[in-house]
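Peer 1: For reference, TrEMBL lists these features for the protein:
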REGION    22-66  region 'Disordered'
COMPBIAS  31-66  compositional bias 'Acidic residues'
REPEAT    76-118  repeat 'WD'
REPEAT    119-160  repeat 'WD'
REPEAT    214-241  repeat 'WD'
DOMAIN    314-392  domain 'Anaphase-promoting complex subunit 4-like WD40'
REPEAT    343-384  repeat 'WD'
REPEAT    385-423  repeat 'WD'
């Protein structure tokens, strides 16, 4: 699940314009990790005042406090600090793996929160975790760059490797191959469990986000300098490099591809989302938040400083894409007309979004601790689920879109049942 969303937003923390936004909570699961120390010291032993702070900071709808309402079915509470990442096992969707600031990762059963095993031995916050395509292996990665792979049925570690500071990690969609991006600009690829290794050398700056394309032969990697590279995984060469006008002005935060891999979308701290043809490496169009209401150039600059793209994704059943922004805007773009279709406003920043596999429904999780379902055709909210007493940092949706698993700064992971009567 895209844990690598959000790095790069860090550069902006000094800017006065966004101080207010940042107070609501850190911008995204990854840069969070680096900031969490400060945030968590205030939280520890001060759960109650913290809840009150949340109450007063949020505008409306949370007057009774974030903890008052709990719509979840199952709560997993073995973590002792913020839980940064979650993934579901792709084969059965019955297991979750979560990683946290307590340097721990756990594999547990979604139905009842029962612990299967702990992925022990990490020495830093576990910010990446995920199952292989067939659910045979689970990989966990911490901020310092220690990556471990476990065989799920045997509950035993089969491989580990240490890289530089870890930015993101992802399994290959069809093979026991793991890809990871690091702060030195490298992207690593390993065969598991043999450990055969290949590296793809990017620019001398962090590889902030990455995604293996559905064909399994190429990967798209975004960097802190605003550039994007499409790599040939077999040859180890870059097929396309997008930089300058074609790249972004600021660090990339997230990248996604459509179902057949023909289109890529990139998001950045510069508030732009770019649609790229993966075969030609050409930019098809740029979605700019500012263009929704044309303003004078000076305020365009201000807009870009106080906002960023945090998450994005393509709809599988309609030519739509969704972009989630730090200012709480969910934008639904129509790809056939390359225009904005809907703007769905949240009370606080969007951390991540996911599309339902087989319908035009978008899920968002945000800094106010809620999960929301949106109908992308109408732009209307379908439902809202609460239960966390702090920001949600990551979430996953199962294949048939009946459950959502969330992780939060409140040290908990929760399972929400989201089956809807209209299906």
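Please read every residue number as a count from 1 along the shown chain.
Each Cβ is built from the backbone N, Cα and C atoms, and glycine gets one as well.
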Peer 1: For the repeat 'WD' (343-384), DSSP counts of helix, strand and coil?
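Peer 2: Across the repeat 'WD' (343-384), DSSP assigns the residues as follows: 0 helix, 25 strand, 17 coil.
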Peer 1: Same-chain Cβ contacts of the repeat 'WD' (214-241) under 8 Å, 6 or more residues past its ends?
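Peer 2: Residues 7-8, 172-175, 179, 181, 185, 187, 189, 198-200, 202-203, 205-208, 247-255, 257, 259-261, 264, 266, 268, 270, 276, 278, 280-281 contact the repeat 'WD' (214-241) from elsewhere in the chain.
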Peer 1: In the repeat 'WD' (119-160), how many residues does DSSP put in helix, strand and coil?
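Peer 2: Summed by class, the stretch gives 0 helix, 23 strand, 19 coil.
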Peer 1: Tell me, what is the mean pLDDT of the repeat 'WD' (214-241)?
Peer 2: 97
